[in-house]
Amino acid sequence: MTKYIFITGGVVSSLGKGIAAASLAAILEARGLRVTLIKLDPYINVDPGTMSPFQHGEVFVTNDGAETDLDLGHYERFVKTTMTKRNNFTSGKIYENVIKKERRGDYLGGTVQVIPHITNEIKRCIKLGADAFDVAMVEIGGTVGDIESLPFLEAIRQMRIELGSQRAIFIHLTLVPYIATSGETKTKPTQHSVKELRSIGIQPDVLICRSEKPLSMADRAKIALFTNVEKEAVISLEDANSIYQIPMILHAQHLDEIVVKKLSLEAKQADLSEWQRVVDMQAVQTMTVKIAMVGKYTELNDAYKSINEALLHAGIHTETKVEIIYFDAEMIEKHGALLLESIDAILVPGGFGERGVEGKIKAIQYAREHKVPFLGICLGMQTAVIEFARNVVGLTGANSTEFNKETLYPVLGLISEWMDADGSKQIRDENTDLGGTMRLGGQYCHLAEGTLARKVYGKPQIIERHRHRYEVNNKYVDSLVKHGLIISGRSADNSLVEMIELADHPWFLACQFHPEFTSNPRDSHPLFKEFVLAARIHHQEKDKK
């Protein structure tokens, strides 16, 4: 039977519940347990697919095509379980399910209420995502005290009663601020946060206390006394140099042993050698490279969270310190690509909408003409095609119909038909809703022999995750290829261009998919690893000049 660990957060948001949950999951996995993680988000959106990255951060895409919270990216980077659409539910999705049932008459004319109908649906979704695992860790988004979180908190309160204390426990993550002027840590916010939680019927079994510095035994004893939590179960989680140290920090305080004991789990001792290896490798840096990230959401790093982590992973596996320099594409549009002179490599990530596109095109032109290593992802590949069509093929004004429906040379257009991850045919047009209607999830891609892409991956066929509506217009492929563009990757049915590269460039690759979603610190991703190695070579060549 599945055991449940419910994780809540208090005092302030952005404490790192997702990292803490994923780290504990990694330790439990290292003890031989099958672990999954579920994120419950209180917002009314059905999913984050149409939300602004400035508000939500990146949208993480699962292999089965779900658009989910970025915390699922943390989950996949820390544990080996592949996340699915069952690992993320929002208030909007829960209410949508309940309203559909009400319209069908499933409630037999009854009055539909938050309790029991919404809470029952929340419990059903949790159990659906947890099925067949030894342990399910369920993270409740938001902060205790927020009105939006109340149905979720009520649902997990009920689950604890229904399952019993040996099948469900509560972990509360809270802030213990350090006041520099007095040199003291303050426990009062934590006390009040737990008081708020207890007022709705939830008594935490474990407290994880986020702080700048390790908590003293006296502070831990004080927190334990005022929150009714065992002293050994008050865990100090101070700021770490790397998030990949956190499994070791939690294990050193016996958090996994506390959890195993409370849930009566049979598990071997944790083998964290894999995580120790990652941390040791991260400490070895023989060179620093500067990689330009040219995007439109550069004010918020979380908008490119998985790419940032993928570059970090590549650095770990190449003994490289990767310094990401963020460039607002509109600044390059205004001031030119000479801003990129000191850069060792250029990356243009995905995005939507016309703003900043011309700046991205200028950055790509600079990379092509100056032989700077380049990696384009999703929109990054599309803008690379536009740049090549305009400046090499000579199709002046070439564009995507996403940005200019009247362009004379629509080198990119809306995909009207494709096969979904499960093999079903999807059909779209300009009037289709924006939400949940893109080409999403893992898709097969065939790599052409003798190409850089084939060399990087080392195999003829790959599966990568997609999130897009527009694709290269096959009408212009022959002309592009004739002028030196190499189509190095195509969809399984050969109808869609998935990867491009240049014949006369040392390292120029672009892909329609999102390789960042499958990178992890243990193995890195070949595309990012080779990109960082190319940046190292370019850096060394610059030094010789």
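Glycine residues also receive a Cβ, built from the backbone N, Cα and C atoms like all the rest.
According to Swiss-Prot:
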type	residues	note
BINDING	S13, K186, T187, K188, P189, T190, Q191, K222	UTP binding site
BINDING	S14, L15, G16, K17, G18, I19, D71	ATP binding site
DOMAIN	290-541	domain 'Glutamine amidotransferase type-1'
ACT_SITE	C378	active site, nucleophile
ACT_SITE	H514	active site
ACT_SITE	E516	active site
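Overlay of Swiss-Prot annotations on the structure.
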| residue | record | contacts (Cβ under 8 Å, 6+ apart) |
| --- | --- | --- |
| S13 | UTP binding site | G142, T143 |
| L15 | ATP binding site | G9, L173, T174, L175, R210 |
| G16 | ATP binding site | L173, R210 |
| G18 | ATP binding site | K39, L70, D71, H74, Y75, E139 |
| I19 | ATP binding site | H74, I243, I246 |
| T190 | UTP binding site | G10, V11, T174, L175, V176, L207, C209, I223, T227 |
| Q191 | UTP binding site | I223, F226, T227 |
| K222 | UTP binding site | T187 |
| C378 | active site, nucleophile | P349, G350, G351, R467, H468, C511, Q512, F513, H514 |
Cβ neighbours of P189 (UTP binding site) where a neighbour is any other Cβ within 10 Å | 15
Quick note, E516 (active site): same-chain residues at least 6 apart with CB under 8 Å of its CB -> S306, I307, E309, A310, I377, H525, F528
Which whole-number mean pLDDT does the model give the domain 'Glutamine amidotransferase type-1' (290-541)?
-> 91
Whole number in angstrom, please: the longest C-alpha to C-alpha distance across S13, K186, T187, K188, P189, T190, Q191, K222 for UTP.
-> 23
Per DSSP, S14 (ATP binding site) is which: helix, strand or coil?
-> coil
Looking at the binding-site residues S14, T187, the one with the fewest other Cβ atoms inside 10 Å is S14
How many whole Å apart are the CA atoms of K188 (UTP binding site) and K17 (ATP binding site)?
-> 20
Neighbour-count leader, CB within 10 A, recorded positions: K17, K186, K188, H514 = K17
Quick one: which residues besides S14, L15, G16, K17, G18, I19, D71 have a Cβ within 8 Å of the ATP site's Cβ centroid, in sequence order?
-> G9, A20, A21, H74, L173
C-alpha of S14 (ATP binding site) to C-alpha of K186 (UTP binding site): distance in Å?
-> 19
Work out how many Å separate K17 (ATP binding site) and P189 (UTP binding site) at their Cα atoms, rounded off.
-> 17
What count of other C-beta atoms do you get within 10 angstroms of the C-beta of D71 (ATP binding site), across all chains shown?
-> 25
Maximal Cα-Cα distance (Å) across residues annotated as binding ATP, namely S14, L15, G16, K17, G18, I19, D71 | 12
